[in-house]
Amino acid sequence: MGCGLLAAGLLLFTWLPAGCLSLLVTVQHTERYVTLFASVTLKCDYTTSAQLQDVVVTWRFKSFCKDPIFDYFSASYQAALSLGQDPSNDCSDNQREVRIVAQRRGQSEPVLGVDYRQRKITIQNRADLVINEVMWWDHGVYYCTIEAPGDTSGDPDKEVKLIVLHWLTVIFIILGALLLLLLIGVCWCQCCPQYCCCYIRCPCCPTRCCCPEEALARHRYMKQVQALGPQMMEKPLYWGADRSSQVSSYAMNPLLQRDLSLQSSLPQMPMTQMAAHPPVANGVLEYLEKELRNLNPAQPLPADLRAKSGHPCSMLSSLGSAEVVERRVIHLPPLIRDPPSSRTSNPSHQQRLNAVSSRHCDLSERPRQRHHSDFLRELQDQGMRPWAPGRGELDPHWSGRHHRSRPSESSMPWSDWDSLSECPSSSEAPWPPRRPEPREGAQRRERRRHRSYSPPLPSGPSSWSSEEEKESLPRNWGAQRRHHHRRRRSQSPNWPEEKPPSYRSLDVTPGKNNRKKGNVERRLERESSHSGRSVVI
């Protein structure tokens, strides 16, 4: 009986240490949420009676049976949850993927699994698993298993669910791309405001940006055009050549006198002002170019612009800086040898006769001037005078028969000295020049005096001089001129009261010659039917 009691006590003593030293594994979190490319640490700890160098720690990976994120709202998942089951982990290993992540014995270095050798994974402390740069396929259930020799009882493993939010990472990537595009757009708008209107300062392009340099330069130019636009539209611009070129070409080439007179008689067209600024800021340059292309200088001036402009500007006054521009029109008398009746009867015959006589006079102008100067010199040497002394009428000896033989001939405007007597018509044959006799010269001069009322040429300024030339003369010039005329009147005959000059000058000066211009124009219109040639200066 004593031996039986001893055996029972020995059995009880051996059982108690074995129950107290059984294996126990614990984990801190059963679920962990992590984003893609993040780092995570899965905590695991254990207690055992075995030696630490003999303990083997193993981390296994098992994929989810059903995804706890995408399959959470499915009917099967919700039904399993209602029954108290875990649909994400309640399946056999044959239905999911199983991998060994890492394994370590005692305090030695961990050994990674075949699928994780290129990964940054390690085991720290007693049994903590550290994963750097979590990938999307790390999404699953991790089991921490402890193997200790001699410990056959207890719970040797615990599970931890690692939920990788890879879909959230994808969303973050998409949002980041959108933010990047928005940032690029803000920078684009800040540097290239001709495409959009953004008022957010962007530090990515303080001086340069990705927009084209041509578009940026064009935008700056359009800003300058908009700033200078109102100043350019204040006064109209006129078309035509400059003043210096017109004057020089007119002086060098007399054939341009007729064209210049026609151009000066027509009012110049100002540039058509823009009705309104274009609504789009970047179309100002195109609008200006379109207006310049569509501009027609030949079209008439609008009524409103005509009322504003007042009198039309000529070719010279519209472009030059001078405010007063003078234009003189000189009308020359006709070169006609027919009586007045034939002159008024057939105008076409008069024009042909003028052309023939003027052409012949131009050819024989120089010989006639030379013979006339010789005749006057000879007449002065002989002391012969065609006027009677002390009287203002012609000497009867010089009047002769010629004055009585042509008493009915009407007076006509004075022309060139020898154009009426020595220029033959087309039907007459030319004769060689000869020196006239003194009596013949006196009779011819008396006949010319009877035809014309023009006095001798004065010594002062000519009748067609401008107002500026008259103003430039000294103030006592009038008294000197009257004294000079009294001296000449004592030596020359008294001319009639009405002695219209043959050369008329029309001074067109805006502002100060308006009253004088009316009388001169009326007298000019009455004599314009008798003039044969007009010259515009």
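Just so it is clear, glycine is given a Cβ too, placed from its N, Cα and C backbone atoms.
Remember, predicted model here, so these are calculated numbers, not experimental data.
Per Swiss-Prot, compositional bias 'Polar residues' is recorded for 341-357.
Residues or ranges marked as compositional bias 'Basic and acidic residues' in Swiss-Prot: 359-380 (among others).
Residues or ranges marked as compositional bias 'Basic and acidic residues' in Swiss-Prot: 434-444 (among others).
Annotated compositional bias 'Basic residues' per Swiss-Prot: 480-490, in sequence order.
Among the features that Swiss-Prot reports, compositional bias 'Basic and acidic residues' is placed at 518-530 (among others).
Here Swiss-Prot flags Cys44-Cys144 as disulfide bond. Using a 10 Å Cβ-Cβ cutoff, Cys44 (disulfide bond) registers 25 neighbours.
If you look up Swiss-Prot, you'll see 23-161 marked as domain 'Ig-like V-type'.
Summarising the annotation, Swiss-Prot assigns phosphoserine to Ser490 (among others) and lists a large-scale study or a structure entry as the type of evidence.
The feature phosphoserine is assigned by Swiss-Prot to Ser492 (among others).
The feature region 'Disordered' is assigned by Swiss-Prot to 333-537.
As annotated by Swiss-Prot, signal peptide applies to 1-22, with the evidence given as sequence analysis.
Across the range of the topological domain 'Extracellular' (23-166), the DSSP-based residue counts are 21 helix, 63 strand, 60 coil. What Swiss-Prot lists as topological domain 'Extracellular' is 23-166, and the listing cites sequence analysis.
Residues annotated as topological domain 'Cytoplasmic' in Swiss-Prot: 188-537. Mean pLDDT for the topological domain 'Cytoplasmic' (188-537) in the predicted structure: 53.
Sequence annotations record features per position, and here Swiss-Prot assigns transmembrane segment to 167-187.
Remark: Cys144 (disulfide bond) has Val25, Val27, Leu42, Cys44, Val57, Thr58, Trp59, Ala127, Leu129, Asp157, Lys158, Glu159, Val160 as non-local neighbours, by Cβ distance under 8 Å and separation of at least 6 in sequence.
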